[in-house]
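Take a look at the structure set out below.
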Amino acid sequence: MKEFMLASVSPTRAFQAVRDRKGGWIWPLVVTMALMLLAVWLMEPGFRAIKEEAWKAASSQGATREQFELIFSLQRYLIPTVGVIVAIFFGGLILMLVNWVVRGEAKYMQLVKVYLYSYLPVVIGQLLVGILVRATGADDVREMMLNGAALLDESAGFLRRIAALADPFYIWSLVVGVFGAAVMMRRPPARIAMWLVIVWVLLTLAGLNG
């Protein structure tokens, strides 16, 4: 757990400590999921506007209020937590692809740990959003963005979605991932950074187009 917390501020040192150590991912995963649940709870007042928009769409399809409330509640808490599990193992596969390209020496579970440990800055960002929602009483969590999208009006559309990429917490996460992957693959960070940035841009553009 010490290395999990250390990775966000001293990634090379932290990943060198866990590189040849088996395990080391279960408790960090549990803590990450717990923190995500806390973040969702903190953001709960900010879901009001989203909830009403979703209810209008669901009611037009014939859903009852009881059905909607149940599904909305389940989605609100299950998607962030289950999403973490899916993300770290899928992220491990992406890092394994980079490992193959650079002819690295990492194993799959080592790279799963890299993705998991590097996810903590993202969770910190979500917690801060939740705290802002509670402090300001905002009823729309989308107004509490901590990225470039906050500088543009909603009418900016696609440009606003592009600006959202300027997220300090995702960039922080990417930097941690670069140094962690470099340690596990035993390759220079600059070379890893080039490939991870390429993959990140491609996946992001695919998400925006979707």
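Quick reminder: no glycine exception, Cβ is built from N, Cα and C everywhere.
Nobody curates TrEMBL annotations by hand; they come from automatic prediction.
The following features are taken from TrEMBL:
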- 9-206: domain 'Yip1' (DOMAIN)
- 25-43: transmembrane segment (TRANSMEM)
- 77-102: transmembrane segment (TRANSMEM)
- 114-135: transmembrane segment (TRANSMEM)
- 169-185: transmembrane segment (TRANSMEM)
- 192-208: transmembrane segment (TRANSMEM)
### Query
Where else in the chain does the transmembrane segment (77-102) make close Cβ contacts, counting only residues six or more beyond its ends and a cut-off under 8 Å?
25, 29, 32-33, 36-37, 39-40, 108-109, 111-112, 114-116, 119, 177, 181, 184-185, 187, 191-192, 195-196, 199, 203
### Query
Going along the chain, which residues at least six beyond the ends of the transmembrane segment (169-185) come within the CB cut-off of under 8 Å?
7-8, 11-12, 14-16, 19, 95, 98-99, 102, 104-107, 110-111, 113-115, 117-122, 124-125, 146-147, 191-193, 196-197, 200
#### Entry: Average pLDDT across the domain 'Yip1' (9-206), rounded to a whole number
86
